[in-house]
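To start, the structure itself, in structure tokens.
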Amino acid sequence: MSSGMHVALVTGGNKGIGLAIVRDLCRLFSGDVVLTARDVARGQAAVQQLQAEGLSPRFHQLDIDDLQSIRALRDFLRKEYGGLDVLVNNAGIAFKVADPTPFHIQAEVTMKTNFFGTRDVCTELLPLIKPQGRVVNVSSIMSVRALKSCSPELQQKFRSETITEEELVGLMNKFVEDTKKGVHQKEGWPSSAYGVTKIGVTVLSRIHARKLSEQRKGDRILLNACCPGWVRTDMAGPKATKSPEEGAETPVYLALLPPDAEGPHGQFVSEKRVEQW
């Protein structure tokens, strides 16, 4: 495998929106597409399913909660391709509405994967992104709703153009601590743990886009957060309005922005349109 070969990678690619994104990239992206999943058997089964459709993704194990797993993937990409052209951070979790797990545990578990896991992937893989690369962080419209339910003080912090990654990490940790103390509502947080983790993903995207513009100005890398919509998946359930294929549309659009595109960059995108944050 030569370092001249283009490569796209999708996290959480074995089912739902992730699998639909992999399928589209296999059809539309000129290069290799790597499907990653936490569970090797499920990931390989997804690859076989796509092979039966005449597509040929590669598989690599990735558990975004496990730093060693992330670093093994990083080393694989560096060795096989000399970097990465497209990264779609899709892996994430949500508790069902009726789940009896105590709220503070839901908050901690969801935050660990959706925010901190995604952040760890970015820390390890963003330095590998090649010039004209594309990074897509799958967030949610729930992040916009959760933001509107935050106190004005928190809203101001999350909308700040100068918030640092360290400050954001501090706020995400504070949310989890506040839920443990049972004071999260008094402290101005909304009642959706999932929504807060996705605020984290959207704001992290804004921070990373800003850093790329400052540190790699001429490389024309575009990084955005997006909402796939309300999609029929294991996570959202059967009543959702969109198919996984429809949910993949905006993430794939952002992953395949043409080389000469100036934007969007550092935006929250829904239905292929930039939404106000």
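Using the three backbone atoms N, Cα and C, a Cβ is placed for every residue, glycine included.
In Swiss-Prot, the glutathione site is described by PHE95, LYS96, VAL97, ALA193, TYR194, and among GLN106, GLN215 the residue recorded at this site is GLN106. Among the binding-site residues listed here, namely GLN106, SER140, ALA193, SER140 has its C-alpha nearest to that of THR233 (NADP(+) binding site). Checked against LYS96 (glutathione binding site), the recorded positions LEU25, ASP63, TYR194, LYS239 differ in C-alpha distance, with TYR194 being the nearest. Per-site Cβ counts within 10 Å over the recorded positions LYS15, LYS96, LYS239 peak at LYS15.
When the binding-site residues VAL10, ALA20, LEU25, VAL97, VAL196 are compared by the number of other CB atoms within 10 angstroms of each CB, VAL97 has the fewest. Other residues of the chain with a Cβ within 8 Å of the Cβ centroid of PHE95, LYS96, VAL97, GLN106, ALA193, TYR194, the glutathione site, are ALA94, ASP99, THR101, THR110, SER192.
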